[in-house]
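Contents: one structure, followed by commentary.
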Amino acid sequence: MSGKDEYYNKSKQQGYRARSAYKLKQIDEEANLFERGDTVVDLGAAPGGWLQVAAEEVGESGTVVGVDLQRIDDLDDHDVETIRGDMTEERTRHYLREAIGERGADVVISDMAPNMTGEYALDHARSVHLARQAFDVAEELLAPGGDFVVKVFQGEDLDAFREDVRAEFEYLRTVSPPASRDSSSEVYLVAKGLNTAPVAAGDRIEVTVEERGDEGDGIAYVEGYSIFVSDADVGETVTVEVVDAKPRFGFATRVDVGTPDSDESDEGE
């Protein structure tokens, strides 16, 4: 039995609207995308197979919203909201923002593919274009630390797109789920931990230490973002170098303190 028949038949038996549901299941198994209570946005969601999987994984306490130019039939067994519209239009994005709330989405997923022409270079270019559109929407909708999954066809423009995504997230991997057809050039970029920090590693900034952390480090804030500063006391204003910037907090070391050599030299005089 071919891979296509296997997953097609399985989807019919288990009540999924599309065989692609198993791709998302396999990606989730590998990358741990979903948690109970998550808010998920599915871009290009018709016919709804990925919506079904997402709704199962986030449970009744979660929120799942799908958007597509095509109408998506109601999902009787799942509490899913669907929006018919173009995700690149501000009107549709407004509806999406209203649906997910001010906190934003925990996960944005996209299984979109262009209408195939049979001309590989053209199909690849269109695929990357769709993926970039999904990336733009994901950056707008995701909460800090959120995750992004997008399908794209392999080709000459993939590496540049992959690096653009990598620059905005803590971690990126490329996944080829077993449910993909052997003849397909599709891969999925799985990006974890959207980094919206107002600082980056290597930045030198002046901060005021406002609190002390559990491990003894000072804590300063930049636009509400927490930076742990070693060897600094509460109330000190110090110049620091950021050594690591994670989505919700970062680490920095002081660069305004004297060196041991200079201290010894002063004592010698």
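Glycine too: its Cβ is placed from the backbone N, Cα and C atoms.
Site annotation (Swiss-Prot): S-adenosyl-L-methionine is bound by Gly48, Trp50, Asp68, Asp111, and the candidate from Asp38, Asp79, Asp86, Asp123 recorded at this site is Asp86.
Here the C-alpha separation of Gly48 (S-adenosyl-L-methionine binding site) and Lys151 (active site, proton acceptor) works out to 16 Å. Counting residues per DSSP class in helix, strand and coil order gives 0 helix, 34 strand, 25 coil for the domain 'TRAM' (198-256). Trp50 (S-adenosyl-L-methionine binding site) falls within a helical segment according to DSSP. Most Cβ neighbours within 10 Å among the binding-site residues Trp50, Asp68: this distinction goes to Trp50. Rounded to a whole value, the Cα-Cα separation of Asp86 (S-adenosyl-L-methionine binding site) and Lys151 (active site, proton acceptor) is 18 Å. On the backbone, the CA of Trp50 (S-adenosyl-L-methionine binding site) and the CA of Lys151 (active site, proton acceptor) stand 13 Å apart.
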